[in-house]
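Copied from TrEMBL, the annotated features are:
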type     : residues : note
DOMAIN   : 20-451   : domain 'Major facilitator superfamily (MFS) profile'
TRANSMEM : 21-45    : transmembrane segment
TRANSMEM : 61-81    : transmembrane segment
TRANSMEM : 88-106   : transmembrane segment
TRANSMEM : 112-139  : transmembrane segment
TRANSMEM : 146-165  : transmembrane segment
TRANSMEM : 177-196  : transmembrane segment
REGION   : 207-237  : region 'Disordered'
COMPBIAS : 212-222  : compositional bias 'Basic and acidic residues'
TRANSMEM : 266-287  : transmembrane segment
TRANSMEM : 299-319  : transmembrane segment
TRANSMEM : 331-351  : transmembrane segment
TRANSMEM : 357-379  : transmembrane segment
TRANSMEM : 391-410  : transmembrane segment
TRANSMEM : 422-445  : transmembrane segment
REGION   : 462-482  : region 'Disordered'
COMPBIAS : 469-482  : compositional bias 'Low complexity'
Amino acid sequence: MSQGAAAAREAAKPQDRGWAWMVLLAAVLLQGLTLGFPSCIGIFFTDLQHEFQASNSETSWFPSIMVAVLHGGGPLCSILVKRFGCRFAVMLGGLLSGVGMVSSSFCKSISQLYLTAGLITGLGSCFSFQAGVTVLGYYFVRWRTLANAMASTGVSLGFTLWPLLSQHLLDEMGWRNTFLIFGGILLNCCVCGAIMRPVQLASGSLLQSPKPGEEPGRRAEEAQLSNGASPPHPELQQQTRRTACFQILQKYLAFDIFCQNKGYQIYTIGVTWMMMGFALPHVYLVPYAIQNGVEERRAALLISVIGFINIFIRPFTGLLSGHRVFTGRRIYLFSLAVLLCGLSNFICVISAEFNVLIIYCVILSIAMSGIGALTFQVLMDVVEMDRFSSALGLFTILESITLLIGPPLTGLLVDLTSDFHYVFYNSSFFLISAALFMGLSFCTLEKKNKLKEASKVPLENPTRYQYNETPTEPQPESQSPPAVVYITSI
């Protein structure tokens, strides 16, 4: 028996070695191409305004739609991966991203950009990024945490390189030709997808090529018909379909967890509110600097500074938060990072000189590193891992809604007042209030739990009230990859 188990383990050795590291390299490039790409959109803000005679609010809908779809398309990507596999999803995403940007270069109105660059490119980036993260769970078991941490450096590389490339191409060729070139660059996601071939298990089955899914209850109906039984009553069929629909919603959108788990409820509301102001500096920082006399190339450099510092700070923050000292306290680290991010915006209000803006970018980048490294780790702390996938679905959809409406509403305020300072006032308000809400709410929740434990009152459902640390590493005896999950990054 032990010899058979050893042979099986030996046959499954492609995981954690060999081609797995090529897949990791492809994942790094993939995250730079997808998540890093929206960081350069602010560079085209002024040119697009002049080209289409659009207001700040109208122009800001373009990056807002792209980012919102990138984050909120998780459930759709998860279904796609489950039916066709990760490789197909990544390559389809690369094709959509490239086609979206090529089409954008021919747009005649800002509303056409919403469809091409916003919806099509955003959806393609969502498929490529999230399927690329999922495939790491298949290729890595022992080194899964390290692989995900290394892959996330691609986001920082994208934040660093995309703005510099964008400004250079914009100066040389204009925004239309630049978007055309971007379409060709994003097609490289298809190359990354081709590298992510399915993993061969010891049994010879392919890990990432599941058969097309069937509706729940369909097999039972077919079996009943094959046995010569009469077809079920139409009302029974309708009830079966309603049950199947409810099961799908339960799987990908965990409303029951939101209603029962206080920790998840507080965290989801806090992050959703936070996203109203989190993306504002990324959209408006470059136009704000240009309006205040900063040269365009130097203004583009500001976004690159944020990305460059992220390369070094984000892994350090991840390692620091993993220390046992912070066990059960990561939510407070996260709240502190959000608070620092909100307070840093007041630097821009004080002065718009380039040197001052550099200081702002350094502080903002440090705070962003903490937010990016802790967002999903805290979610794993407040939700049991067997329900993490469905909890993440509702979480990403709610945050994508506020990511969508935050920049356009602020742009409308800027149009009415002609004052860019309101961008940073708004951002600070949402970030600081979200940080205080999450920190104080979890502190209150923790005190209630201690009082209940002290009074020894039994709880009907402990997970409903407790903020517990749940294990995120796979168990030693289980080497199978996790269920398909869709993961976003900030």
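Cβ atoms are placed via backbone N, Cα and C, with glycine included.
Where the annotation comes from TrEMBL, it is an automatic prediction and has not been curated.
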Is the transmembrane segment (21-45) in contact with the transmembrane segment (299-319), using at least 3 Cβ pairs under 8 Å (sequence separation of 6 or more) as the test?
yes
Most CB pairs under 8 Å with the transmembrane segment (357-379): which of 61-81, 88-106, 177-196, 266-287, 422-445?
266-287
Hey, which bits of the same chain come close to the transmembrane segment (422-445), Cβ under 8 Å, at least six residues off its ends?
262-263, 266-267, 269-271, 273-278, 280-281, 284, 288, 331-332, 334-336, 338-339, 341-343, 345-346, 348-349, 406, 410, 413-414, 465, 467
Counting CB pairs under 8 Å, which listed stretch among 61-81, 88-106, 146-165, 177-196, 266-287 touches the transmembrane segment (112-139) the most?
88-106
Taking a Cβ cut-off under 8 Å, which residues six or more beyond the ends of the transmembrane segment (88-106) line up next to it in the same chain?
30, 33-34, 77, 80-81, 112-113, 116-117, 119-132, 135, 176-177, 179-180, 182-184, 186-194, 196
Which residues of the chain, 6 or more past the ends of the transmembrane segment (331-351), have a CB below 8 A from one of its CBs?
267, 274, 277-278, 281, 285, 288, 321, 357, 359-360, 363-364, 366-371, 374-375, 378, 381-382, 421, 424-425, 427-432, 434-436, 438-439, 442-443, 467
The transmembrane segment (266-287) and the transmembrane segment (61-81): do they have three or more Cβ pairs under 8 Å, with pairs 6 or more apart in sequence?
yes
